[in-house]
Each structure stands twice: as C-alpha cells, then as structure tokens.
There are 2 protein chains.
Amino acid sequence: MREIIDDIFDIEGSVLITGVLVGGKQVDIAISEAGTIVGIDEKNGARDAVEAEIVVDGSESIAIPGLVNTHTHAAMTLLRGYADDMPLQDWLTQKIWPLEAHLTGDDVYWGTKLACLEMIRSGTTAFNDMYFFMDRAAEATDEMGIRGTFAHGFIDLSMEEKREAEIKATETLVSHIKGLGNPRLTAAVGPHAVYTVSPDGLSWCAGYAKEQDIGIHIHVSETEKEVVDCVAQYGKRPPALLDECGCLTPRTVAAHCCWLDEADCRLFAERGAHASHNPASNMKLAVGRAMPYHHLKDAGANVCLGTDGCASNNNLDMLEEMKIAALLQKFSWNTQTLLPAGEAIGIATAGGARALGIGPGTLTVGAPADIVLIDRRKACTTPLHNTDSNLAYACNGSAVHTVLCSGRFVMYDRVVPGEAAILKGAAQAAAALVQRAEEAE
Amino acid sequence: MREIIDDIFDIEGSVLITGVLVGGKQVDIAISEAGTIVGIDEKNGARDAVEAEIVVDGSESIAIPGLVNTHTHAAMTLLRGYADDMPLQDWLTQKIWPLEAHLTGDDVYWGTKLACLEMIRSGTTAFNDMYFFMDRAAEATDEMGIRGTFAHGFIDLSMEEKREAEIKATETLVSHIKGLGNPRLTAAVGPHAVYTVSPDGLSWCAGYAKEQDIGIHIHVSETEKEVVDCVAQYGKRPPALLDECGCLTPRTVAAHCCWLDEADCRLFAERGAHASHNPASNMKLAVGRAMPYHHLKDAGANVCLGTDGCASNNNLDMLEEMKIAALLQKFSWNTQTLLPAGEAIGIATAGGARALGIGPGTLTVGAPADIVLIDRRKACTTPLHNTDSNLAYACNGSAVHTVLCSGRFVMYDRVVPGEAAILKGAAQAAAALVQRAEEAE
C-alpha cells in the first residue's frame with residue numbers, strides 16, 4: 001500500500017482487497033467493474049469472484065462501509081470559523097446571513113469541493129446536502145467521485161410570491177440533476193422547516209417529491225421554541241403538522257429531532273421517516289436536549305447521523321461525530337449503555353444508506369462497493385481488543401487511508417487527486433467572500 | 001519541512017522557527033540551547049536572538065504552546081476498547097479491575113510508551129499521571145522526551161495496614177523520581193478520592209506533599225453519589241473535607257469536578273486549587289453533570305483540561321478534548337457563548353501549565369520551548385478566518401506535524417522515532433495481558 005499506482009484513480013476495473021479485517025474477521029472483498037461487491041469470504045473464496053485488475057493488500061487495514069452524512073450544508077466549509085460562540089440570533093443575523101447574501105455559484109462550487117475533499121479524507125462516501133446554487137454543488141461532487149443528494153433550501157415565509165420562486169428553483173434543480181443521469185447524484189426536495197415554510201409550501205413539497213419519486217430533506221424539532229411555536233400556531237407538534245402535509249415518508253430525512261416526544265418517535269416509525277442525529281451542532285448551538293435515541297429505537301424508527309454544516313460543527317468528520325453521538329446519548333439520558341460502539345457505527349453507515357436509498361450500507365454481496373480502509377498501524381487502532389470500540393471511540397477520520405465509492409478509488413494511501421488546488425481555491429473563495437461582504441457593509 | 005534531517009532528534013542546539021502563525025500574526029520564534037524561548041518577534045527581531053543550529057520554515061504552520069493533559073492514567077492505553085458501554089459497576093468489577101490485577105511493570109512501560117507516542121502525535125508535551133508501577137511510566141516518558149508528573153494511586157480504604165503500604169509506595173516513588181534528577185519528570189502524591197482514602201490518609205498525603213514540595217493529584221466530585229456519600233459520612237462536601245485535611249492547595253489538581261457547587265468553586269479559588277475538566281470521560285460514564293465552568297471562572301479558579309485514561313475516553317487527543325469541552329459546556333449550561341474557542345485553547349495550554357507548575361504555558365520570551373506546529377495545508381485549517389476556532393472546533397490531533405518539548409524535537413514532520421516498535425510492543429503487551437487474565441479466570 002505504500003506505492004501509489006499512477007493511474008489508480010482512472011482505472012475502471014474490478015478490484016480485490018485481500019486479507020482485510022471486517023467485523024473481527026480477515027476476509028477478501030471482490031468488487032466488480034460495475035462497482036458492486038460480488039464476493040466476500042474468509043477462506044479466499046472471493047478471490048475467484050473476479051479477475052481483479054487491481055489487487056489491494058488489506059492485511060494492515062480494517063474495512064467498513066462508506067460513511068453516510070445525512071445532514072449537511074456542504075459549501076458552508078467556506079464559513080468554517082467565520083463566527084462562533086455567539087448567541088444564536090446574533091450569530092445568524094449579524095454574521096452568517098449577511099455573509100451568505102454574498103455567496104455565488106462559484107463559492108458553492110469551491111466550498112463543496114473542499115467539503116468533498118474533507119469527507120473523502122475521513123471516510124464519507126455519500127452526503128445529504130441542502131443549500132443554494134445546488135447545481136454547482138452537484139458539479140463539484142461529480143468531479144470528486146462520491147455520492148450526493150441535493151436539495152434547494154425551500155423557504156417561503158408564508159408569502160405566495162416567494163413560494164412560487166422556490167417552487168421554480170426546486171423544479172429547475174431536480175430537472176437539472178435528473179438530466180445529468182449520474183447514479184451518484186440525486187435530487188431531493190428541501191423544505192427548510194415548519195417555521196420557515198407554510199403548510200401550502202410543505203404540501204407542495206410533499207406532492208412534488210412523490211411525483212418525482214425523490215426524497216425530502218427537512219429540519220425538524222431542533223429547538224424547544226420551534227415545537228412551542230408550532231403548537232401555538234397550528235395546534236400540533238412539528239411531526240404531526242408535517243404528516244398532515246404529507247411530508248413524513250419513507251424517503252424523508254429529518255435533521256436534528258432533538259425535541260421529539262415519544263408519540264413523535266412512534267409517528268416517525270409508522271411513516272418510515274428517518275431521524276438524522278447531529279450531536280456536535282446541537283451541543284454547539286445549545287439546543288437544550290439531545291435526540292431521544294432510545295425512544296426512536298424503541299419505536300423502531302431508523303436513526304442516521306450527520307454533521308450539519310461547518311459553521312455549526314466545524315468539520316465533516318463522521319468518525320468524530322460517531323463518538324460525540326455515543327457520548328452525548330449516554331450523558332444526556334444518563335445511561336452508560338445507550339448507543340454502544342456497534343450501533344454508533346450502524347447509524348453512520350447502514351442507517352444513513354437506508355435513509356438515502358443507496359443500498360444496505362453494509363459490506364455484503366450485492367451492496368455498492370462504497371468501502372473505507374482504516375489503518376491498523378496507528379495508536380488509535382492499538383491495541384485492537386474490539387474493532388467497533390476503536391473506530392467509534394478512539395479513531396477520527398485521520399485513520400482512514402483509502403476510500404472507494406461505487407468501486408472507484410477516490411482516495412488511495414492518503415492521496416486525493418487535486419488536493420492542493422482544492423485547498424487553494426477554497427481559501428481564495430472564502431477570503432474574497434468575506435471581503436465582498438465587508439465592502440458592502 | 002518535507003526533508004527529514006537525519007539527526008534532528010539528537011541535536012541539542014538552538015532552534016529558529018521562521019514565519020510561523022501565532023495568534024493571527026506571522027512571527028519568528030528563537031529557542032536557546034537550554035530549551036527556553038529567547039525571542040519572538042513579528043519583524044524578524046528574533047532572528048538575532050540565537051545563532052540557530054536548526055532553522056525550521058514555519059510559513060505553512062500555526063504554532064501553539066504544548067498541550068498539557070492534566071488528568072490521565074497513561075498506561076491504560078493497553079485497555080483501550082477492552083470494555084465499553086457497560087453499567088459503571090459491572091465495567092469496573094467485571095472487566096477493568098480483573099484485568100488490572102494482572103498488570104506488570106513491563107505493561108505499564110509499554111502502555112506509557114504508547115500513550116506518549118499518541119500524546120506527541122496530537123501535540124501534548126506534558127501530562128499528569130496516576131497509576132501503578134510509576135517508575136516504569138517515568139522510564140517510558142523519559143525515553144519519549146516529554147514531561148510527566150507521576151503519582152502512585154493511593155487507596156487505603158480506611159485500613160491502617162493498607163495505608164502504611166501506600167505511604168511506603170508513595171515515598172519510594174517520590175524518592176525514585178527525585179533521584180532521576182530529570183527536570184522533565186516530577187513526582188506528585190496521588191490520593192485517589194475521598195471515598196477510597198480515609199481522612200488520615202488524606203492528611204498524610206497533604207503533609208508529605210508539603211514536606212516534599214510536590215503536587216497532589218486527586219479525583220474530586222466526579223459523581224453525585226460521591227458527594228451524597230461524603231456528606232452522609234463526614235457532614236461536608238468533598239472539597240470541604242479535602243480542605244480540612246490540607247489537600248486543597250495551589251499544587252492540587254482535582255480531576256472531574258462535575259458536581260462542585262458554587263461554594264465549592266469559591267473554595268477552589270481561595271485555595272488556588274486547579275480543576276481539571278475531563279468531558280469525554282464524564283459523558284461516556286454518564287456522570288450526570290458537566291463541570292460548572294462558569295462558576296469556577298466567576299470565582300476566579302484555574303480550570304485545566306485532561307482526557308482521563310483510555311478505558312473511559314478512549315484516546316489522548318487534547319485537541320479533540322478541547323472541542324468536546326467547548327461543546328459540552330455550551331450544551332450542559334444552555335449557553336452558546338460559554339467556553340469559547342480561545343478559552344478552550346487556554347485551559348488546554350496555560351491552564352494546564354499553571355496547574356503542573358511548568359511555566360506560563362504561552363509562547364512568550366522566558367517560557368519553556370514546548371511548541372506545537374500545526375499544518376496550515378489541511379481541510380481543518382482551510383479557510384483560516386480565525387485560528388482559535390479552527391484549532392478548537394475543526395482540527396484534531398492529526399493536524400499536528402512537529403512538536404518540541406524543552407526545545408528538543410520529539411516529532412518532526414510527522415515522524416516520531418521508534419513508532420513502529422512502540423505500536424508492536426504495546427499490542428503484544430496488551431494481548432498477553434488479556435491472555436493472562438483469561439487463563440486466571
């Protein structure tokens with residue numbers, strides 16, 4: 001694994017990973033040219049499944065399924081560190097929104113390139129994105145080789161004119177993404193939240209998502225105020241309102257979900273909606289309550305994991321997010337056994353894949369070959385009494401050395417093609433953005 | 001910085017770091033042969049302070065003071081991932097204690113070597129350790145080149161015979177460490193906690209620490225039960241009991257401090273005792289309450305940071321711990337502005353240095369040259385709107401590329417001498433330890 005094969009990022013061929021640790025066992029993984037896992041075997045059986053063009057020695061690695069970041073605003077990498085540690089309203093109105101008012105499509109392109117670079121480096125192969133200029137986000141993601149689901153952030157503030165504009169923007173984006181015909185890139189509808197989108201807007205989103213056979217990406221019950229205001233205005237809690245508008249579906253990813261009560265959790269389970277846990281953001285913004293993972297689990301609802309955007313995290317490292325999730329659940333609900341290591345990995349992989357409809361999110365025959373190889377020769381993987389524990393509690397994304405998405409290498413032995421140019425382009429875009437905003441003041 | 005100078009780890013000479021970013025400004029840092037910062041200047045003035053034997057180009061780096069881990073049990077790296085996600089009592093009695101019963105001095109040596117490797121890689125240059133076989137921990141730390149303060153974990157369970165043995169073990173260790181005459185290695189007295197050490201034991205520890213002019217390292221108010229039991233048994237809360245026994249001093253480092261009340265915080269401030277925040281451990285073990293950082297700050301008490309041991313964290317990454325601290329404080333005390341990025345870095349550097357008595361913990365003339373260089377060409381440092389924010393919220397220890405302790409290189413361009421042998425030795429020791437424990441069952 002020390003020698004870089006010059007053209008490894010260009011080869012569209014079958015791959016064999018030999019002797020890699022999966023769930024405590026040393027296995028071979030065979031990947032077809034089409035990017036699917038076609039063999040996985042302890043006793044070298046997988047070696048016969050393909051005539052591999054590329055053979056990777058996995059003997060010093062642990063393999064896990066690609067991590068799935070189910071809630072982010074990728075291009076907000078450009079705002080990383082621009083404003084922190086402020087009261088929420090001041091932070092939004094004095095810092096984040098004024099800067100975002102100057103965002104261009106090029107900024108979103110560079111911000112998403114940086115986000116994809118960071119995600120690849122830390123083992124994420126798919127993400128659920130909501131922001132502006134999403135055609136440019138999709139362009140960046142296409143170039144980087146991972147999977148993205150793109151939603152235009154739909155905000156109508158109960159104004160019909162605004163709603164019409166958002167409908168048009170949503171339709172344009174969905175049509176654009178579908179037109180690309182790239183199986184790694186999918187569109188979703190992105191109603192922002194119950195406090196920024198009218199019931200009419202929510203109903204349109206639900207109907208359009210159904211018609212287009214695409215997902216819904218929305219913020220739900222992030223703060224207590226959101227719940228209290230929703231009950232005051234509509235006489236029901238956010239999940240019930242969303243359900244009435246048709247927005248709680250098996251293709252809905254609901255971010256945050258901090259203030260769900262037990263009945264909300266049962267409704268999520270009944271509708272098959274997915275709850276995306278975003279613990280770092282929830283802690284940083286002091287939302288006052290952790291997602292009730294135990295109630296969602298008891299109800300049988302699917303829980304997945306996300307980092308939120310870099311203004312409120314401030315990174316996209318899903319291994320770090322896994323640890324913060326496992327710690328926050330234990331601490332918040334006063335239960336040392338809640339969200340154990342294996343489940344933390346599960347919500348970051350299988351839970352996310354299920355939420356975004358990209359296969360089982362496991363290393364099994366028939367699954368997309370979204371595979372992350374983690375270095376066994378690091379302090380965080382030494383000793384290795386229990387792989388799940390090392391990954392969930394001791395490692396962060398820097399332990400990842402090689403990543404495949406749909407059977408193609410997007411990082412090999414810590415090399416991501418074009419990294420220096422991405423860092424430079426994103427840094428320049430961020431500096432210019434701040435300068436434009438300051439000049440306009 | 002890309003070429004390794006072959007003998008850089010052996011040179012005992014003066015060093016000049018040029019053009020490195022410190023607190024938002026590009027400066028030169030001059031370091032004397034004796035390991036002290038002798039010049040730091042924006043306008044190249046520092047270049048005249050030494051005839052540098054080694055010149056390091058810092059133009060692609062951020063410099064911060066060495067991180068100080070004020071509460072750990074370093075050799076517990078060997079137990080990393082051995083048991084997690086269990087109820088506290090079962091975890092201790094069924095897993096941790098039975099394994100520790102088989103620990104040898106060699107195990108502590110290898111566990112501490114692994115801990116030092118991990119600490120160096122993530123920018124820690126000093127740590128406050130409490131465990132067994134501490135002569136071997138000191139030996140490992142000496143070899144690795146960083147600073148350690150070593151306390152024998154003193155537990156008498158109110159039994160006189162046990163107390164006598166602990167007194168002897170403490171005296172032997174202190175005499176041994178002092179005999180080494182190594183300024184990087186210091187001894188402390190380590191009364192475990194008020195529920196494991198009798199008032200007689202505590203009083204002896206206080207008197208001996210005073211006599212020997214050394215520190216005290218103790219667990220304080222980690223759980224509500226500890227406080228309730230202490231009040232029931234002694235009619236006072238743990239800090240008051242410790243104060244009565246003479247254990248609250250300007251050289252006392254109190255770990256955890258989760259359940260301090262406002263009066264406890266004022267007592268800490270009055271006595272000059274240091275409160276070590278250990279947020280990851282507190283969350284993982286679900287202790288139910290975060291250290292009241294705001295009360296300690298209001299009272300004027302010094303707060304520092306620590307990771308606790310790897311059985312309850314499960315790593316020693318102080319940059320990660322900084323983030324978890326900043327997030328937990330905001331979340332727990334419902335205040336978005338609490339423990340901002342700059343203060344999080346402060347508790348991990350200056351706060352810790354003050355607690356362990358190793359200089360100001362800042363990059364200033366006269367301070368020990370414990371210096372960490374962080375890579376500016378990474379996603380976590382791109383963009384760089386505010387260095388403090390990038391370090392506290394976006395980066396983890398993997399962004400560190402070069403570390404000096406007392407002016408000597410302990411990592412240069414991500415190379416730590418002997419790394420592969422340490423990983424191998426520690427892995428073997430951990431496996432053998434588990435085997436011995438299982439065979440004894």
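Even glycines carry a Cβ here, placed using N, Cα and C.
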Say TrEMBL lists A:HIS71, A:HIS73, A:HIS219 as binding Zn(2+): which of A:ASP298, A:ASP308, A:ASP317 is in the same site, per that record?
A:ASP308
Nonlocal neighbours by CB distance (under 8 Å) for A:HIS71 (Zn(2+) binding site), same chain, sequence gap 6 or more
A:ASN128, A:MET130, A:HIS217, A:VAL253, A:ALA255, A:HIS256, A:SER276, A:ASN278, A:GLY306, A:THR307, A:ASP308
Any idea what the Cα distance is from A:HIS219 (Zn(2+) binding site) over to A:HIS192 (substrate binding site), rounded to a whole Å?
6
When you average the Cβ positions of A:HIS71, A:HIS73, A:HIS219, A:ASP308 for the Zn(2+) site, which other residues in that chain have a Cβ within 8 Å of that mean position?
A:THR72, A:MET130, A:ALA255, A:HIS256, A:SER276, A:ASN278, A:SER281, A:GLY306, A:GLY309
Between A:GLU100 (substrate binding site) and A:HIS73 (Zn(2+) binding site), how far is it from one CA atom to the other, in Å?
12
Give me the CA-CA distance between A:HIS192 (substrate binding site) and A:HIS73 (Zn(2+) binding site), in Å, as a whole number.
12
Given A:GLU222 (substrate binding site) and A:HIS73 (Zn(2+) binding site), what distance in Å do their CA atoms have, once rounded to a whole number?
16
Least crowded of the binding-site residues A:GLU100, A:GLU222, A:ASP308, counting other Cβ atoms within 10 Å of each Cβ, is A:GLU100
